[in-house]
Amino acid sequence: MSTYAYFKISIDGKIQPTIYFELFDNVVPKTVKNFASLCNGFEKDGRCLTYKGSRFHRVIKNFMLQGGDFTRGNGTGGESIYGEKFEDENFELKHDKPFLLSMANAGPNTNGSQFFITTVPTPHLDGKHVVFGKVIQGKSTVRTIENLETKNDDPVVPVVIEECGTCTKDQIEAPKPDVTGDSLEEFPDDYEGDKSETAIFKIASDLKGIANKQFAQQNLDTAVAKWQKALRYLMEYPVPNDDSKESPDFWKEYNALRYSIYANLALVALKQNKPQEAIRNANIVIEASNSTELEKQKAYYRLGCAQGLLKNFEESEKALAKAGNDPAISKKLAEIRQKKKDYKKRQQKAYAKMFQ
């Protein structure tokens, strides 16, 4: 019978979905006992050894997250329940997939309290580190930590184990939808449901609908997060598979969904005064070989607006000239041309003063 454990983690003070682990005590009981005891808190020599309050001090994207140094917090400390270090129990389990829980060490037989969670298969660690568990829920939290900004592999914001302990399988809380009603894994690699072309299209469409609703409510950051999530799922099929049974019309809809999301991201970037992001998203649509003329025109309009914010009036004018003949576009183009004239006048006056 497996042991189960959990971490309630905060990132920069904000509580994340709980991570639950299944521990393999039928394979490595001594290693599991050490981890489980440190989750619950272990009294030793008048001290309580515990992961509670400790942080993840090392994060490497496409590799792993490391924590468990509750004495120094920088990867040089930690202590096991058996003493400072204990031996490698066995290497029966392999690092053959993401979300495995394994012991960090400084060489053979130097296990303490530090552990790591893999985010990809890491076979080069086989025979060197003891695998003793896996993440069974809360994978989105692992991915969120993995994608944090770091400096020298140390997250720039604190990632803290606020609460931890062991539990029974029945005590594991079912995944809860977030405030938008979305309960899907953040990354499609972690999603274990139907990944057919039509299923992915529906998932992305639903996520776009959630994002659009958040946008209408002026929850711009949430809208952006959901649109970006939809794009991650759509990237399961960046181009149709050679053996795809779906019709050309289906793939037109698929691409239209993708490009509408990029256009929306460009729009929000403009609202948030992030012109470079708007330019990046607009250019994806413009440079795509299979985007429609109408999609390109919409993107050119947003590109023109973004260049205008950067006072790149020549580039703004060029983009807006390709955005179609809508009255709103003509008005924006006239506005940019006037701003360009005013800007040149100010420059001329400034230069004239320099030589007086």
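Every residue, even glycine, has its Cβ placed from backbone N, Cα and C.
For reference, Swiss-Prot has these:
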- 328-354: coiled coil (COILED)
- 6-166: domain 'PPIase cyclophilin-type' (DOMAIN)
- 204-237: repeat 'TPR 1' (REPEAT)
- 259-292: repeat 'TPR 2' (REPEAT)
- 297-330: repeat 'TPR 3' (REPEAT)
(request) For the repeat 'TPR 2' (259-292), give the DSSP counts of helix residues, strand residues and coil residues. (result) 26 helix, 0 strand, 8 coil
(message) Give me the DSSP three-state residue breakdown of the repeat 'TPR 1' (204-237), ordered helix, strand, coil.
(response) 28 helix, 0 strand, 6 coil
(request) Residue list, the repeat 'TPR 1' (204-237) vs rest of chain: Cβ under 8 Å, 6 or more residues beyond ends. (result) 179-182, 184, 186-188, 191, 195, 197, 254, 257-258, 260-262, 264-265, 268, 271-272
(request) Over the repeat 'TPR 1' (204-237), work out the mean pLDDT and round it to an integer. (result) 98
